[in-house]
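*Asks:* Input: one structure, supplied below.
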Amino acid sequence: MIKKFLQGVMALLIAVGCLVFVSNVTATDAPTLKQPVVDVQIDAQKYYTDVVAADMVARKNLPIYTTINGDKQTKQQITANQFFKIKEFDVNIAGVPYYEVDGGYIKAAKSDLVIPQAMDEKNYFITQPGKVFTATKIKTFTGEDLKTVQREIKKNKKLRVDQLVWSATGEPLFKTNAGWIPAKKNLVKDVPEYRVPATAASSYDMTTGKFMYSKNLHKRLPNASTTKLMTLYLTEKHMRATGADWNTKITIDRSVARLSHAFYGEIPMKTGEVFTLKQLYECALIKSSNEAATALGIWVAGDNQKFIAMMNEQAQAWGMKDTHYYTSSGLDVDDVAKFKIIGEPGTSKTAHTYSSVHDLTILAEHYIQEYPDVLTTASIPKAKIKGITIRSTNWLIKGRPLYDKKAPVDGLKTGTTPKAGEVLVATGQKQGYHRIITVVMHANQDRYIVTKNMMLNAYARFAMK
C-alpha cells in the first residue's frame, strides 16, 4: 500500500518538481548514468532512485539496519567507497526513505551516498582496497585536482589503490601509493582473478572479515577430515573449561582400538592403552588420525553420540547452516558403522558429513581467534608419538615439500575421501600482510598447488596491509 501511494506521489513530483530538483543538485549527486534513472528531490537531504538494483557508492561507513524503521543495527556495514547494489526502495510509516541492500536496510540520504557518473566502457570502479596494473605509461599527481605531476610510472607496473573518490564533476579517481590518477580503463587494468579449478573454493581476509574470492560459497559437499577441526576445537575448549591439561591421560576403548587397525587407521592402538591428551591432539591434527579424533570426542562428551551432537550444536551456534556432522573424524558412516561409533541413532549407512567453504572458513576463523596455539601444532612438519614418527599431511607448511615463502602456510587441515576428493583448509600470514584463510573442496588438480596459487593471487590483487 505504501509503495502504491509512493508511486502516485513520485508521479506528481516528477511532473511538477523535477526542474527544481535538477537545478539544486551537483554533478556528484545526480550524474548521468548508463541507464535511465528518475531522481526526485524531497528535500535537501534525501532523494529517491526509481531504478531496480541501482549501483551506488557510500561516501562514508553506513550502518545496516535489520528493519525499515532503523531501530536496530546489524553487525554488518557498508564501508566508505564500497560499490553496492540496491534491491528495493521503501519508505517507512514516518516517511523516511530507506534502501534495501544485502543484509538489511540503509537510509537514503544524499550526504551518505553517491550515484556515480562514470558507468560506461571508459571508466570502472573497484571495491578498495585493491591493486591495479598500469596499462600504459602514466603520470601520477600530488592531489585529486590532477594539476601537479608527482612521477611517471612505466607500463605493467603494479599500483596499490588506497582510495576511490569522485571529483567535483563526478569523474572517478584512484588515490594510489604513487599518487593520484584518473580511474580510466585505458590507463589501468585489474589484476586478473585466479580461476580456481575446484568445485568450491574461497579466500578470506581475517582482518577485514571479507571474502576476497568465492566459488560455490554455500554448496554442501563432503568435507572429509576437515571435520577434525571441530573435534579439536571442542577438545581444547573442554580442556580449558574443566582444568585438564595437555598431560591428561586418556584410555583407549575397544571401538577406537578396532578402528585403529582398520584400512583407514593411522596409529595402531590397543584396548586399555593410555595416551596423553597432547599425543592424541597431535595425532589428529598432524597425521589426521581417525582413531585419535574419535578418542578425543569420547573423552570430551563421555560417548561418541553425545559428542557428535555437541559438534552439530556448535555448528548451529556459529551459523554454519551448510554443515552437518555424522562422525567426529570425517569418515563416512559406512566406514565406522561396524565399530558402533556413529552419531545419531538410525543414521543411514550412506550418510556422510558435509560442509561448505563458507562454513569451513567460519570454523577456521573461530578456532584461530579463540585458540591461536592451534597454529603451533598445525605447523609441525613431523613428530614422534610412542616411538612412531608421524608427518604432517599438509604439504604447504614449512618443512614439507611444497612450502613457499611467497605464500607461507602455517596450518590448518587436509581432508580426503573418495566422496570428498581433495579438500584443504589452509591459513597463512605473509610478513606485513593480513592473515588469509583459504578453502578448497573437490579440487580438480593438486589441492596444494591450487591453494598456493589462490594465496598468491590474493596477495597480488588485494592490499591486505
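Placement of Cβ uses the backbone N, Cα and C atoms for every residue, glycine included.
Checked TrEMBL, it gives:
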| type | residues | note |
| --- | --- | --- |
| ACT_SITE | S288 | active site |
| BINDING | K413 | substrate binding site |
| DOMAIN | 124-188 | domain 'DUF5776' |
| DOMAIN | 195-444 | domain 'Peptidase S11 D-alanyl-D-alanine carboxypeptidase A N-terminal' |
| SIGNAL | 1-27 | signal peptide |
*Asks:* For the domain 'Peptidase S11 D-alanyl-D-alanine carboxypeptidase A N-terminal' (195-444), provide the mean pLDDT of the predicted model.
*Replies:* 95
*Asks:* Compile a sequence-ordered list of residues in the same chain as S288 (active site), six or more apart from it, whose Cβ lies below 8 A from its Cβ; state 'none' when nothing qualifies.
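*Replies:* Within the chain, S288 (active site) has Cβ neighbours under 8 Å at S225, K228, E266, T393, K413, T414, G415.
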*Asks:* Within 10 Å of the Cβ of K413 (substrate binding site), how many other Cβ atoms can you find? Include all protein chains, please.
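*Replies:* Total other Cβ atoms inside 10 Å, all chains included: 30.
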*Asks:* Work out the three-state DSSP category of the residue listed as 'active site'.
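*Replies:* Looking at the DSSP assignment, the residue listed as 'active site' belongs to neither helix nor strand, so coil.
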*Asks:* Determine, from DSSP, whether the residue listed as 'substrate binding site' sits in helix, strand or coil.
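*Replies:* In three-state terms, the residue listed as 'substrate binding site' counts as strand.
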